[in-house]
Each structure stands twice: as structure tokens, then as C-alpha cells.
Amino acid sequence: DVVETQEHYKSRWRSIWIMYLTMFLSSVGFSIVIMSVWPYLQKIDPTADASFLGWIIASYSIGQMVASPLFGLWSNYRPRREPLVVSTAISVAANCLYAYVHVPHSHNKYYMLTARALVGFGAGNVAVVRSYIAGATSLTERTSAMANTSACQAVGFILGPVFQTCFTLIGEEGITWKLVHLQLNMYTSPVLFGALLGVINIILIFAIFRDHRVDDMGRQCKSINFEGEESGVLDQDAEGNVDRVAVVAINFLFFVILFVFAVFETIATPLTMDMYSWTRKEAVFYNGIILSVVGIESVIVFLVVKTLSKKTGERAILHGGLLIVLVGFFILLPWGKKLPNIQWQEIKNNSIPRTISTEMLMPFWSLQAMQLPSNHTVEPVGCPVTQSWCLNTPMIYLAQYISSDILIGLGYPVCNVMSYTLYSKILGPKPQGVYMGWLTASGSGARILGPVFVSQIYTHLGPRWAFSLICGVVVVSLLLLEIVYKRLIAFSVRYGRMQE
């Protein structure tokens, strides 16, 4: 056993902080342009419609889903600096491509689609980040480190739109640098800023990041990831098989957690427009405030859960988080007798009909970009008669909706952190890159399928069916958690090397 030196401890935590920054920048890369994608797309390519916008938004998650296992596999056999630098460089290049999608004379929308897919591909490095943190922390440090990682990711999602708002001061025209055909405006400045942050991240990875590894008890040990030590061997704690049942169970639970949250964030705007007769502008504004508060709530929960888990353990907190999410969606079920206001007037000549499924293919940030002018003097509001359930489904009261937002904003971050923490502990000292890649891919897949679920079930059958099915999925998850509860233990505990 190699006792960790003070110098190793400091270097290890400096490297972990670089991973926090990488996670933050990855989420900023997604959210920093999400509000301006639609108007920019219309400006560069008038042939693009809302359906294509849905594909552009989804391309990020698709790219990340494909890349995560690949970068994870790479990090298992080579120094982690390599996949981290390459993935970040891909994101930088993709952001630069996004800034130049106005240059081609045709097919501009496909260049934008490619740029966003490549940004998502570069974001596949979150699998490398989490696998590194799992290998560079002891069991006692793991929950706190994973919570900090998720908090950095959440802060990135929150601050991205804030950065975008600041760049709107430049305006649509901005400044043109003709020599290199660069337009510096409210659409391109955010991605160029993101590219600059990526370059800084690469410099910090080269200057500060070092591959470190400790075992579950915090003892320094060799790893194949150390540069120049590829022939090094893992410590004896790596002996033993991973509990594959527990691994599959956590992947399923994580998929469900991301799936229900994707449903939650995408349904916010259409639900409030239907139930409370809000205009597009009102729905975007009020939901932006509500979901921003939920985001801040989530960051606080990430920080609190670190302390709470030391007293109760990760499994109990995951169980409690799923129960809170279940109550949050159960509250959303229509219970009263009052029906929502019916929108009898059909929306015509509008670029994005209220009933189109792709309106629900996007998280709430992208909906903020869809404030399209209507050809009507007065925008029709209420629950559209084209959705037949509007005629017989009771409305969901505003108090129900806000209460649900608070509960889901409490339960989701709890489940998110505990899933990653339990997963990394179950895997133990073995290289976790591929496993973390699959977990990240399952989350990306959930973010793609969640909005599709909303677009079909909510639009055609209404909120009662949509939220009942979500409740059913969460109940199944709780039952699965009960079945595998005793198996969700750390690798070292399972093989008797540590006490739980």
C-alpha cells in the first residue's frame, strides 16, 4: 500500500477541480445558444421549419450518446488527458463552425445541424470526467465529489442563457470582419465565447491536470492511465467481478430519472399555455422564472445532499428522491371539475402550430427562442379544440403546477447525484470509462425519448394519461430499487475489504 503524500493529495484535487470546470463548460456549450438557435436558423436559411429545429436541438444529445462510450473506452487504456483534450478541441471547432454557418450559399441548416451534433459529440467527455473522479476519490470523498460535479453541470445550464442574454446587447448586425468573413453578433458571439472557454480549458488540462488514482480507502495506487506507466498494474482491490445486475439496474434507474425530467422541462410551456390561457410570451417568461428558481433549488440540493448522505447512505436518499418525484407528478394529475378555457379559433398561418409535436422536442430554453409573430392581431389562447381531451379533462390549478415544480426540483438532483455515486462505488477500482459512457448514453437517450413521449401522449391523450404513465414508470423504478437494494453496495464492501 502506498500512503498518499501531501503533494499527491494537492495535485489530485487540483485535477478534480479541472474536471469540475470541464463539466461546467460542457453544459454551458449546450445552453449558451439554445435561446437564439431558432431566430438564427431562420436568418441563415429561410427553408428551415420547426421540425428541423427539433432535429437541431436533439442532435446535441444524439452526438453525446454516440461519443460517451467511445471516449470512455479511450480513457480506460490511455492517459485521460488525450480524450479530454481531443473532445474539448472538437467542441471548440464545432463552435467555430457554428459561427460560420451563414457563409455557405445553400444548405446552411445542415451546417448548423452538424455543428450542434459535434458540440454534443465533444460533450461526450462527461463520461471521462466522471470516471476520473470515481477513480481519483476514496469512498468517503466520492459522494461529495459527484455532487460538486453535478452542481457544476447545473450551474452551467443556468448560466448559459444568462451569457446569451448579455450578448444580445451586441445586436443582430453587430460587427463584420470581412477579411475572415466573421460576423460578430448576438448569434455568433456566444459560441465564440464558448470556443474561447474551451481553449482555456485545454490549456489548464495541459498545465494542471494529472492522472491520479486512489483505492476505495484513499491509498495511492498505480493505474494504466498514468502517463509513462502504461505497464503499471492495478492494485489487488481490482480483483473480483462487477455486479452486473446492479450495474444494469442503475442504468435503468438513471434512464428513468432523466426521462421524467426531460418530460417535466419540455411540457412546461405547452401545459401552461393550455391550462392558464397564457400567451407564448407569458408562458416563456413565467416558466423561465419558475425553472430558473428550480435550477437554483437543484444546486442547493446538490450541496446539501453531500452532508445528508453521510448519515443515511446513498440508497436511502435515492429511494427518497424517487418518492418525491412520484409525489410531484401525482400532484399534476387533474382532480377538479373546472375545465380549461377552450381555444375555438384555429391558429392559422403560424410558423409553429400549437399542436405540432416538435414544439415539445426541446427543453424550455429553446422554447424561449420561439416567440414568433402571429398574423393574428390577437393571439388565440387557451386549450386548442384540436386536442380533444381539452373538452373533458379538468384543468390543473396553478398551485398544483408550482407545487409539482418544487417537488421535482427537489427530487431530481437527489436522484441524479445518488445514481452516479452508487454506480461508481459498485464498479469499484476497475477502469470505469466504458461503464460511465453507457450511463451517460442512457441519460442522453432519455433526453431524446422524453420529449417524443410528451409529443405523442400529451397531445393526443392529455395530461391525465401522460402523468399517470409517468407515475407508473416511477413506481416500477421504486419496485426495481427494492429488488436490487441489497446489491447496491460498494465493490470493496461486497468483497469484504471494507465495512459498509
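Each residue, glycine too, has its Cβ placed from N, Cα and C.
The domain 'Major facilitator superfamily (MFS) profile' feature in TrEMBL is assigned to 15-489.
Taken from TrEMBL, the feature transmembrane segment covers 17-40 (among others).
Same-chain residues lying 6+ beyond the ends of the transmembrane segment (52-72) with a Cβ under 8 Å from its Cβ atoms: 30, 34, 37-38, 41, 83, 87, 109, 112-113, 116-128, 131, 358, 361-363, 366, 432-438, 440-441, 444-445, 447-448, 451. According to TrEMBL, the transmembrane segment annotation covers 52-72 (among others).
Long-range contacts of the transmembrane segment (84-101) within the same chain: residues 22, 25-26, 29, 33, 44, 67, 71, 108, 111-112, 114-116, 118-119, 121-125, 128-129, 181-183, 188, 191-192, 194-195, 198-199, 201-202, 205-206, 209, each at least 6 residues beyond the stretch ends and with a Cβ under 8 Å from a Cβ of the stretch. If you look up TrEMBL, you'll see 84-101 (among others) marked as transmembrane segment.
Residues or ranges marked as transmembrane segment by TrEMBL: 113-133 (among others).
Remote same-chain residues near the transmembrane segment (154-171) are listed as 23-36, 184-186, 189-190, 193, 292, 295-296, 298-299, 302, 365, 368, 413 (criterion: CB distance under 8 Å, separation of at least six residues from the stretch ends). What TrEMBL records for 154-171 (among others) is transmembrane segment.
Sequence annotations record features per position, and here TrEMBL assigns transmembrane segment to 191-209 (among others). Only residues 6 or more beyond the boundaries of the transmembrane segment (191-209), in the same chain, are considered here, and those with a CB under 8 A from a CB of the stretch are 14-15, 18-19, 21-22, 25, 28-29, 32-33, 80-81, 84-85, 88-89, 91-92, 95-96, 98-99, 163, 167, 184.
Under the heading transmembrane segment, TrEMBL lists 245-264 (among others).
The transmembrane segment annotation in TrEMBL covers 284-305 (among others). Tertiary proximity for the transmembrane segment (284-305) is limited to same-chain residues at least six positions away from its ends with a CB under 8 Å from its CB atoms, namely 143, 147-148, 150-151, 154-155, 157-158, 265, 268-269, 272, 278, 317, 364, 367-368, 370-371, 402, 405-406, 408-410, 412-414, 417-418.
Marked as transmembrane segment by TrEMBL: 317-336 (among others).
Among the features that TrEMBL reports, transmembrane segment is placed at 401-423 (among others). Same-chain residues lying 6 or more positions outside the transmembrane segment (401-423) and placing a CB less than 8 Å from one of its CB atoms are 130, 142-143, 146-147, 149-150, 154, 247, 250-251, 253-254, 257, 260-261, 264, 271-272, 275, 290-291, 293-295, 297-299, 301-302, 305, 309, 314-315, 317-318, 320-325, 327-329, 331-332, 435-436, 439, 488.
Among residues of the same chain six or more beyond the transmembrane segment (435-459), those with a C-beta under 8 A of the stretch's C-beta atoms are 58, 61-62, 64-66, 68-73, 120, 124, 126-128, 130-131, 134, 242, 247, 250-252, 254-263, 266-267, 270-271, 355, 357-362, 387, 419-420, 423-424, 427, 465-466, 469. Annotated transmembrane segment per TrEMBL: 435-459 (among others), in sequence order.
As annotated by TrEMBL, transmembrane segment applies to 465-485 (among others). Beyond the transmembrane segment (465-485), the same-chain residues lying 6 or more positions past its ends with a Cβ under 8 Å from any Cβ of the stretch are 245-246, 249, 252-253, 256-257, 259-260, 263, 267, 315, 318-319, 322-323, 325-326, 329-330, 332-333, 453-454, 457-458.
Counting only same-chain residues 6+ beyond the ends of the transmembrane segment (317-336), those with a CB under 8 A from a CB of the stretch are 253, 257, 260, 305, 308-309, 393-397, 400-401, 403-408, 410-412, 414-415, 418-419, 422, 463-464, 467-468, 470-471, 474-475, 477-478, 481, 485. Mean pLDDT across the domain 'Major facilitator superfamily (MFS) profile' (15-489) comes to 80 in this model.
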